[in-house]
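Residues or ranges marked as Ca(2+) 1 binding site by Swiss-Prot on the basis of similarity to another entry: E17. The annotation Ca(2+) 3 binding site is assigned in Swiss-Prot to E24, D30. Positions annotated as disulfide bond by Swiss-Prot, on the basis of sequence analysis: C23-C29. Annotated domain 'Gla' per Swiss-Prot: 1-47, in sequence order, evidence recorded as sequence analysis. The hydroxyproline annotation in Swiss-Prot covers P9. The annotation 4-carboxyglutamate is assigned in Swiss-Prot to E17, E21, E24 on the grounds of experimental evidence.
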Amino acid sequence: YLDPGLGAPAPYPDPLEPKREVCELNPDCDELADHIGFQEAYRRFYGIA
């Protein structure tokens, strides 16, 4: 049990998270990301990540 007032602070939000979610919702992009990584897969489908 961890007291929510103690412990590590919340991690910084990932600036790429919205793009990661877009890629995850596209089955082809999501599959490609499993092989070559999210940023490269996103770039191939949508342009610059």
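Backbone N, Cα and C atoms are what each Cβ position is placed from, and that goes for glycine too.
Structure coloured by features recorded in Swiss-Prot.
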residue : record                : contacts (Cβ under 8 Å, 6+ apart)
E17     : Ca(2+) 1 binding site : none
E21     : 4-carboxyglutamate    : none
C23     : disulfide bond        : C29, D30, A33, F38, A41, Y42, F45, Y46
E24     : Ca(2+) 3 binding site : D30, A33
Discussion item. I'd like the number of other C-beta atoms within 10 A of the C-beta of C29 (disulfide bond), please.
Written reply: 19
Discussion item. So, three-state DSSP: helix, strand or coil for E24 (Ca(2+) 3 binding site)?
Written reply: helix
Worksheet item: Could you give the mean pLDDT over the domain 'Gla' (1-47), rounded to a whole number?
Response: 85
Practice prompt. Mind giving me a neighbour count for D30 (Ca(2+) 3 binding site)? Other Cβ atoms within 10 Å of its Cβ, every protein chain shown.
Written response: 15
